[in-house]
Structure formats: structure tokens, C-alpha cells
Amino acid sequence: MGAALIAAVGATPELQLAGLAERAGHPAVGTKVVDKLTVCANATAIAHSCDVLIDFTTPEALAGNLEAACAGKCAILVGTTGLDASHHAAIDRAAQSIAVLQAANTSLGVTVMAALVERAASLLGTDWDIEIAELHHRHKRDAPSGTALALGVAAASGRGVALASVAKRGRDGIGPARVAGEIGFASLRGGSAAGDHSVLFAGEGERLIISHHAEGRELFASGAVRAAAWLGGKPAGRYTMAQVLGL
């Protein structure tokens with residue numbers, strides 16, 4: 001993802017790459033990359049010299065990156081997935097002093113897809129069953145994906161309910177019939193798939209499917225860079241990709 005972000009920044013005339021950071025002990029630390037920038041061992045070393053940090057790391061690294069952004073008084077875009085309630089609480093705290101945009105997926109297409117899913121869920125009644133399926137490469141560890149969960153939140157929001165109260169993660173064996181209003185999830189892992197997501201609205205005698213297929217990481221980097229350009233200079237607060245597109 002780092003290489004894709006570097007390329008995306010380079011292709012955006014109004015942006016300039018200010019610094020690079022990797023985890024301590026990574027082979028790239030200390031080496032010079034684009035524009036003769038040296039890769040640092042943490043985000044603190046670069047936060048004071050940039051307007052926006054872009055974080056695609058791990059949940060374990062998030063707290064340190066948020067602290068670095070707050071100390072450097074720069075905005076931060078969090079594209080890291082696999083976050084839990086404690087991570088979102090940390091993001092909320094940081095958003096009290098800096099601009100934070102957290103997104104499970106920075107694809108512009110997925111952003112529009114989520115808006116369509118919310119709208120469809122609001123128009124179709126609970127007699128339309130909702131199932132969300134996602135496919136990712138064999139190395140992805142979290143399931144359902146952050147994007148699938150975000151789509152679930154969008155669908156639940158369209159129905160005016162909390163996702164936690166209606167989510168059904170996986171089915172196996174013989175069980176009770178499907179509960180009206182629940183939102184199901186199915187996760188597939190295999191090959192090198194960058195990310196496929198489909199939301200099925202199943203009614204009596206008809207089905208509506210809203211899908212997005214990612215063909216590479218470049219689209220995520222492109223969306224993240226566009227969002228970072230939008231985020232720079234914003235007042236403290238928590239922002240979304242939907243706001244970037246004016247949705």
C-alpha cells in the first residue's frame with residue numbers, strides 16, 4: 001500500500017510527499033526512497049513537517065499514530081481496518097483536537113455504494129432480506145472485512161436500527177429459520193483478490209444486488225490521497241469519505 005500511496009501523491013500536483021514512516025525494525029527504515037526522503041521508524045518523526053498523515057498500518061500501531069498526529073497538530077486519515085470499540089474511542093478523543101477521517105475503505109466507488117445501500121434499505125421493507133458477501137486475498141485475517149461491516153452499518157442505518165442488534169455472522173448446520181430484519185454476512189478468503197463486496201436485497205420473486213469489485217490497491221490509494229487533500233486545513237472533528245464526495 002505504501003508504494004501505491006507514494007505513486008498517488010506523485011500524480012497529484014497540489015500535494016507534496018513530506019515524509020515516510022515504517023514500523024521499527026522494518027528493513028526499509030533508514031533507507032532513502034522518493035525525493036531522497038529517509039524512511040523513519042515512527043510517525044512522530046514526520047508529523048511536525050506535514051499537513052496530513054495517511055495511516056494504513058495495523059490496529060496495534062493506531063494509538064501511536066494518533067498521538068503523533070496530535071503532537072504534530074496535523075490531520076490524519078485512518079485507513080487501517082480491523083478496528084474495535086477501543087480504537088474508535090481513541091479516534092474520537094483525537095478528533096477533539098485534530099481533524100480525523102476514518103474509513104474502512106477509501107475507494108470512491110465503495111463510498112457511493114454505501115450511500116446506495118443505505119437508500120435501498122430505507123426504501124425496501126424488512127420483508128426484503130439483506131445479505132452481505134465479501135471476498136479477499138488469502139492473507140487477510142479480519143472477517144467480515146471492515147468494508148462489509150461499513151456496508152452493514154449503512155444498511156442498518158437505512159432501516160433506522162443499530163447493526164449490532166440485527167447482524168448475523170455466518171451460518172452452519174441446522175438452525176432456526178432466518179429472522180426477519182437481520183443482516184447476514186459471508187466472508188470468503190482465497191487467491192489474490194483485492195476485494196469484492198456485494199449486498200443482496202432478496203424480496204419475494206425478485207433480487208437486487210449492489211456490487212463493487214476492486215482490481216488493485218491503486219484505487220484505494222487514489223481515494224485516500226483525494227480525501228487527504230480535502231482533509232488538510234479542516235477544523236478538529238471526525239470526518240467520513242461520504243463528506244469528501246459531498247454525499
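Cβ atoms here come from the backbone N, Cα and C positions, even for glycine.
According to TrEMBL, the feature domain 'Dihydrodipicolinate reductase N-terminal' maps to 1-105. Summarising the annotation, TrEMBL assigns NAD(+) binding site to Asp35, Gly79, Thr80, Thr81, Ala103, Ala104, Asn105, Thr106. What TrEMBL records for Lys36 is NADP(+) binding site. For 109-245, the entry in TrEMBL reads domain 'Dihydrodipicolinate reductase C-terminal'. According to TrEMBL, the feature active site, proton donor/acceptor maps to His136. The feature (S)-2,3,4,5-tetrahydrodipicolinate binding site is assigned by TrEMBL to His137, Gly146, Thr147. Annotation source TrEMBL lists active site, proton donor at Lys140.
Each residue contributes its Cα atom, and for Thr106 (NAD(+) binding site) and Thr147 ((S)-2,3,4,5-tetrahydrodipicolinate binding site) those atoms are 9 Å apart. Over all protein chains present, the Cβ of Gly79 (NAD(+) binding site) has 24 other Cβ atoms lying within 10 Å. Under the DSSP three-state reduction, Thr147 ((S)-2,3,4,5-tetrahydrodipicolinate binding site) is assigned to helix.
Cα-Cα distances to Thr81 (NAD(+) binding site) place Thr147 within 10 Å, out of the recorded positions Lys36, His136, His137, Thr147. When each of the recorded positions Lys36, His136, His137, Lys140 is scored by how many other Cβ atoms sit within 10 Å of its Cβ, Lys36 comes out lowest. The Cβ of Asp35 (NAD(+) binding site) lies under 8 Å from the Cβ of Leu17, each of which sits 6+ residues away along the same chain. Averaged across the domain 'Dihydrodipicolinate reductase C-terminal' (109-245), pLDDT in this predicted model comes to 95. His137 ((S)-2,3,4,5-tetrahydrodipicolinate binding site) is 20 Å away from Ala103 (NAD(+) binding site) when you measure Cα to Cα. By the criterion of other Cβ atoms within 10 Å of the residue's own Cβ, the least surrounded of the binding-site residues Ala103, Ala104 is Ala104. Assigned with DSSP, the residues of the domain 'Dihydrodipicolinate reductase C-terminal' (109-245) fall into helix, strand and coil as follows: 50 helix, 37 strand, 50 coil. Put simply, Gly146 ((S)-2,3,4,5-tetrahydrodipicolinate binding site) is 11 Å from Lys140 (active site, proton donor) when counted between their Cα atoms. Counting in whole angstrom, His137 ((S)-2,3,4,5-tetrahydrodipicolinate binding site) lies 16 from Asn105 (NAD(+) binding site) by their C-alpha atoms. Every protein chain shown contributes to the tally, and the Cβ of Thr81 (NAD(+) binding site) ends up with 19 other Cβ atoms within 10 Å.
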